[in-house]
Amino acid sequence: MKLSETLKIDYFRVQLNAWRICGALDLSEGRYWSWSMLLCILVYLPTPMLLRGVYSFEDPVENNFSLSLTVTSLSNLMKFCMYVAQLTKMVEVQSLIGQLDARVSGESQSERHRNMTEHLLRMSKLFQITYAVVFIIAAVPFVFETELSLPMPMWFPFDWKNSMVAYIGALVFQEIGYVFQIMQCFAADSFPPLVLYLISEQCQLLILRISEIGYGYKTLEENEQDLVNCIRDQNALYRLLDVTKSLVSYPMMVQFMVIGINIAITLFVLIFYVETLYDRIYYLCFLLGITVQTYPLCYYGTMVQESFAELHYAVFCSNWVDQSASYRGHMLILAERTKRMQLLLAGNLVPIHLSTYVACWKGAYSFFTLMADRDGLGS
C-alpha cells in the first residue's frame, strides 16, 4: 500500500496532508524526479543564502535574527530529510493503531478512547494556530515598513533595493520558502507529541482491559482467552512504540540540539536590542513557538514512560486468584515482560523526558551568557 493512500488515519490527517503538499510523501515513495523535488529545492534554497548573510548586517537585531533563521532552516532541512527516509513506516503505524482501536470495548474504555480522540484534535488545532500566528507575524508586517524591506534578512546575488522587478522576485521567493518551511515544521513538530500521547492512552486502555479480567460472568476459558488477547495487544503496543521510535528519534535529536540555541538568541535580542512593540510581540510569539515545539513532546514522552510502568501492576489488579493454572502461567509471562523499562531516546542518546526540557533551558542560559559576554553586555 502506498503512503499517499493512507490519509484515512484520522489522528494524523492534518500532518499527513501537510507532508503531502510539501512533497514528502512523493519523495518517501522514491519519486525523486518529480515536482516534489523541485519544490524542496526551491523551499530550502534560502538556507545557504541565509548562511551566507549571517553577521553581514550593520543592525545587531538583523544579525541575530539572521542567525536564528539560519539555525532553524538548517534544522528543518535535516528533520525533513530524516522524515522522508522513514515516512513509509506510517503504513504500519496505521495498521497497529487500527488493531488496538478494534479492541476497545465497554463503557469505560469507549469513554477514554473518545476523550483521547478529542484531545488529539485539540492538540492539533493548538499547533495549527501557533504556527499560523508565527507565520503571520513573521511574513506579513514588512508591508507596513516605510522603505522596501523583506521578511528575512538574507544575502542575494543581485541588488533588490533599486529594482522593483528584483524586489518582487526576492519577495515571492522568500514568502514561498516561509509558507512551506512553516508547513513542514508544523508536521514535523506536531506529529511526535500526538503519537506519543496516543501510545500513552492506548497503554492506559490496555491497563483497563487487563484489570477488568475475571470480574464478570465469563467462564475460566473465556477469561484466559481475554488474557491471551491482551498479550497480543501488548505485542502490538510494543511494536507501535518501536516504529514510533524509529520515526521520531533522530529528528527529535536535531530539535534538542537546536532548541537551546534558538531560545538563547531570542531572549538575547528581546532583552538587549528590541525597542519597538511589534518586534517584542514577534519575538515573544517566536519564543512561544519554540516552547510548543519541545514541551509537549517531553511531557508526553514522560507520560509514555509512566504508563508502561503502570502496566506491570495492572496484571495483578485482575481477579487472577480464582483463575485456572494456565491463566496464571500466562499472567506471569505477561508480568515479566512488563518489567522492561520503555525508555524513549532521541538519537538513541537523549531521553525524551521533561528532565531534557529543563536541560535545554539550562543550555540556553549558558549560550545566552556566552553571547552577552561576547558583546560586552553581561555586566
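Note that Cβ sites are derived from N, Cα and C of the backbone, with glycine treated the same way.
Within the set Asn64, Asn115, Swiss-Prot records N-linked glycosylation site at Asn64. According to the topological domain annotation in Swiss-Prot, Thr276 and Met371 sit on the same side of the membrane. Outside the transmembrane segment (281-301), and at least 6 residues removed from its termini, the chain residues within Cβ reach (under 8 Å) are 68, 123, 126-127, 130-131, 133-134, 137-138, 141, 189, 192-193, 196-197, 200, 252, 255-256, 259, 262-263, 266-267, 269-270, 274, 344, 351-354, 356-357, 360.
The transmembrane segment (254-274) makes contact with the transmembrane segment (65-85): 3 or more of their CB pairs lie within 8 A, with pairs spaced 6 or more apart in sequence. Listed in sequence order, the residues of the same chain lying 6 or more apart from Asn64 (N-linked glycosylation site) and placing their CB within less than 8 Å of its CB are Ile265, Phe268, Val269, Tyr273.
With a cut-off of 8 Å between Cβ atoms, the residues of this chain six or more beyond the topological domain 'Cytoplasmic' (86-125) that come close are 1, 3, 6, 8-12, 14-16, 19, 24-25, 28-29, 190, 193-195, 197-198, 201-202, 204-206, 208-209, 212, 229, 233, 236-237, 239-240, 243-244, 246-247, 296. Proximity of distant same-chain residues to the topological domain 'Cytoplasmic' (302-340), defined by a Cβ-Cβ separation under 8 Å and at least 6 residues beyond the stretch ends, is recorded for 196-197, 199-201, 203-204, 206-207, 210-215, 220-221, 223-224, 227-228, 230-231, 234, 241, 353-354.
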